[in-house]
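What follows is one structure encoded as structure tokens, with my remarks underneath.
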Amino acid sequence: MPIDNNPDQGRVGDRAATKDFGKGSVSTVTRQINACATFAYPNSCAGDVETNRCHQVSEDSDHGYGDHATRDIGILELVSVGWSICNSWVGVLSTIAFVVNQGGPPTLVYGLPLIFIMYGCIVCSLGELASVYPSAGGQYHWTSILAPKSWGRVLSYSCGLINIFAWISIAAGVGIIIPQILTAPIIHYNPAYAPKTWHIFIIYQAGSAACLLHNIFALRRSMWFFNLIFGLSVATFFVATVTCLARAPSFQSHLSVWVTFVNRTGWESNGVVFLTGILSPGYMYAGLDGAIHLAEESKNPTTAVPRALMSTWIVGFLTSFVIAIACMYSAQDFDKIASTPTGLPVFELFRQAMRSDVASTVMLVVMLLAGFAALAGCQQTASRLTWAFARDHGLFGSSKLSHMDEQWLVPVWALCANATVIFIIGCVYLGSSTAFNAFIGTGLILQLITFAFPAALLLLQRRSAQYLPKSRKFKVPAVMGWVANAGTVGFTIIVTIFWCLPTVFPVEPSNMSKFVHLDS
């Protein structure tokens, strides 16, 4: 399908986004969607599309497209969706098995502040760009704007594909947690029950289908559900923290929580063990960019999106750090937590700390609701990213995938396409849980890579006011901005290396990826 080269197509509101490139007398063209490049897909589109830069984008712009989203998401709903996707303290406790042999409690209690600081760099980097270029495309749109002209299409296309795959793998990862939460209490109360692989598969697919139906037919009338989950999650955090501390029969020593480093991995270097072990704290911010991809449905996105990012960043750390310390002191037997027959270490952790099967089961019920909310939020966010990418002709079938349903006001085709991929990934679980877990484990790394794209390009462009206007709604001091961008890139490089290392040494087929332990 040829790209329409109508010079009026790329208008942003009433303003054409144009700029003189200086040397070389490069002509300027208007840009589609928040100053993003349009991709000429090799087999479906013809022509060559120039890229350009833009100035600040109008909040009320429809980005030059006929199919545009309805701006009906307020700041509270945006914060709630962003929080529901991350649900930081739940994410940390759900992956606590990672740290038991990879440093023990010190990896968790020191890893959380480290992750908080590094993701602070990410939040500042993304927040500044979101306040200037609010777009459902997010990172790949910004990459197109910031990249040198000769590399713009390649880099932005790569960033967009990586981001889509990241969100799909995160959604699949959240989806597999739901059957694990459901089966854990059944195994505990009925030790004779051993869940079959197909049991997990059916629950996984049912949960994904339920969230898909919600996103198509009920989303616009039920955004309050995310507000409810936000409030319920924070309230449960307080209840769980207090109950663990009040009911624990004994407490771990200060030495074991803050000093004693446990290395049962086979790696000689404790530094390697620590850097591989902070994957669990890293799940505190899985799906952090959710609010970014809802920008075109948000009211006042230039201020709402940065606030949503900041809220998730701060509240996520406070809840995760406090409950992590409470649980590390209240835990009675870390080995038993890691090897629990229920397959859900957090359930055994609550049982040890709360001394109540009923209370622990209630915690799981809340986590189950949070899991459904996270999966629904992941599907919602991923579909908006797919929808935006399709508008730029970045995918096969873009004419369908870029369509916004006029009745339900959601991108139905994009939702269904993503759900189909998630379904196929679930089928992999039937053949090999190791392969499935290795796949979903890439989500966090791929997400970080998409954060690094625009951050690195901002450094390349010397954070010029040409790209970050002084009039932007969210900005940090100049020095902090440089540190934030550099920190984002450096952190991504480091963890991409260490989070891909096996958790134990020597390496065997069963431990080539740490993510196989998600199924242990």
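Placement of Cβ uses the backbone N, Cα and C atoms for every residue, glycine included.
Here is what TrEMBL says about this protein:
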- 78-100: transmembrane segment (TRANSMEM)
- 112-133: transmembrane segment (TRANSMEM)
- 154-178: transmembrane segment (TRANSMEM)
- 198-217: transmembrane segment (TRANSMEM)
- 224-249: transmembrane segment (TRANSMEM)
- 269-288: transmembrane segment (TRANSMEM)
- 308-331: transmembrane segment (TRANSMEM)
- 358-378: transmembrane segment (TRANSMEM)
- 408-432: transmembrane segment (TRANSMEM)
- 438-460: transmembrane segment (TRANSMEM)
- 481-505: transmembrane segment (TRANSMEM)
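Packing against the transmembrane segment (438-460) from elsewhere in the chain are residues 122, 125-126, 129, 138-140, 142-143, 146-148, 155, 158-159, 162-163, 165-170, 172-173, 176, 279, 282-283, 286-289, 425, 428, 467-468, 481-482, 484-486, 488-489, 491-493, 495-496, 499-500, 512-516, 518: each is 6 or more residues past its ends and has a CB under 8 Å from a CB in it. Taking every recorded stretch in 198-217, 269-288, 308-331, 358-378, 481-505 and counting its Cβ pairs under 8 Å to the transmembrane segment (154-178), the highest total belongs to 358-378.
The transmembrane segment (358-378) shares more Cβ pairs under 8 Å with 224-249 than with any other stretch in the list 112-133, 224-249, 269-288, 308-331. When Cβ distances are compared across the two stretches, the transmembrane segment (308-331) makes contact with the transmembrane segment (78-100), since 3 or more pairs at least 6 residues apart fall below 8 angstroms. Among residues of the same chain six or more beyond the transmembrane segment (112-133), those with a C-beta under 8 A of the stretch's C-beta atoms are 34-35, 54, 56-57, 92, 139, 141-142, 145, 278, 281-282, 284-285, 288-289, 292, 295, 301-303, 305-306, 309-310, 313, 317, 320-321, 324, 448, 451, 454-455, 458, 467-469, 472-476, 480-481, 483-488, 491. Long-range contacts of the transmembrane segment (224-249) within the same chain: residues 76-77, 79-81, 83-84, 87, 89-90, 315, 319, 322-323, 326-327, 329-330, 332, 350, 352-356, 359, 363, 366, 369-370, 373, 376-377, each at least 6 residues beyond the stretch ends and with a Cβ under 8 Å from a Cβ of the stretch.
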